[in-house]
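Working notes, structure below.
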Amino acid sequence: MSYYGKILTLSHIILLGLFVQVSGSRLTRWWDMAVGRGDVDASAGLCALAVAPHGYKCEEHQVVTTDGYILSMQRIPFGRNRGGGGTRRQPVLLQHGVLVDGITWLLNSPQESLAFILADSGYDVWISNTRGTRFSRQHTSLDPKSRSYWDWSWDELVSIDLPAIVDFVYKQSGQKLHYVGHSLGTLVALASFSEGKLVDKLKSAALLSPVAYLTHMETPLGILCAKAFVGEIITNWLGVSEFNPASAVVVNLLKGFCNQPGVDCYDLMTSFTGNNCCLNASTVELFLKYEPQPTSTKTMVHLAQTFRDGVLTKYDYERRDLNMENYGQTSPPVYNLTNIPVDLPLFLSYGGKDFLSDVSDVAQLLDDLKLHKIDKLSVQFLKDFAHADFVMGVTAKQVVYPSMISFFHDHDK
């Protein structure tokens, strides 16, 4: 497959695969739900929107990054009954994936949502929201409508945002923390660990649907649309630096692709994330009430480069002179995952039906970790799970979260 074809494949996999509504037996294209999404009041905050209504105490916090982005964080300091954990509760940080925000940890009932389960298990829960998403659109000087605001890729999440968030929780709690990432939340963590960041402030990291290598993602829709390059179209042709799936520009572009013969835009969740075993209609419908969220077009291009090249590197400016200007070398530096400290406790959980965190790509990641200390690495394989099941699946409370919490307990000291 060509360079542009592979980049388009990834862009569609990540973007389109997230958005389909299930309502009884009726399937609806995600853009038909776009109207009305603006009714969500971001000024109220995530606590008021999705935590307090369930009877949990919730605090709103802000973290200002070194490059001026004001990130929203929510803290659930204890469960509804305030039991367990003692007076000094162990902090846990939850980091979501791309094109969504922190609400994805809160979409199921308190008995099924990871954030609430952790709080009720005695943990001090912190939820992050990536720059540019609904609750983290503020900046000390830049306007989100400006191109400058969106001039970043996931490299900045690795080098700036994640260290700032972890440091904030570490200072607020006075303790090392456990980290939970899903999808892109695992990628930025792994890249950070490979550069020695965060490891001195973490007790462990749980990586759900771990994404590091993206080589084996091949889908019919991506092949059919391989003549175009989404990131290049939006950035160069239309001058759009904000990749907002709900915007007219992106919606109209994707409608055009969905008109291609053989492309089914009604069952994209299955087509791109895999056959999720355990989502219910009400959860997915609630998901589409609040999501998707914007990211930078540069982030989408960077993810596509990872798919194209089969190696994890910093953003490639595609010009030797620009790479030299930014990195002091003509090609982007590699994130070498074999540099991850062998004594950092890692819990990995991945699924056999996951089209994004493909089994072969996870195997390559595990090969990078082959020298990891045996008692510091726990790997869970769930043959029936796909990408969304780990966060939104109603059975994750039984098959994923207990093993993860047990791993945390083993490394709490």
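Even glycines carry a Cβ here, placed using N, Cα and C.
Within the same chain, residues at least 6 positions away in sequence whose Cβ sits under 8 Å from that of SER183 (active site, nucleophile) are HIS96, GLY97, VAL98, LEU208, SER209, VAL211, LEU356, SER357, HIS387. The active site, nucleophile feature in TrEMBL is assigned to SER183.
Feature annotation from TrEMBL assigns active site, charge relay system to ASP354 (among others).
Taken from TrEMBL, the feature active site, charge relay system covers HIS387 (among others). All chains included, 30 other C-beta atoms sit within 10 angstroms of the C-beta of HIS387 (active site, charge relay system).
The feature domain 'Partial AB-hydrolase lipase' is assigned by TrEMBL to 52-108. Residue counts of the domain 'Partial AB-hydrolase lipase' (52-108) by helix, strand and coil are 8 helix, 19 strand, 30 coil (DSSP-based).
As annotated by TrEMBL, signal peptide applies to 1-24.
Within the model, the domain 'Partial AB-hydrolase lipase' (52-108) shows a mean pLDDT value of 92, rounded to a whole number.
Cβ-based neighbour count (10 Å, all protein chains) for ASP354 (active site, charge relay system) stands at 27.
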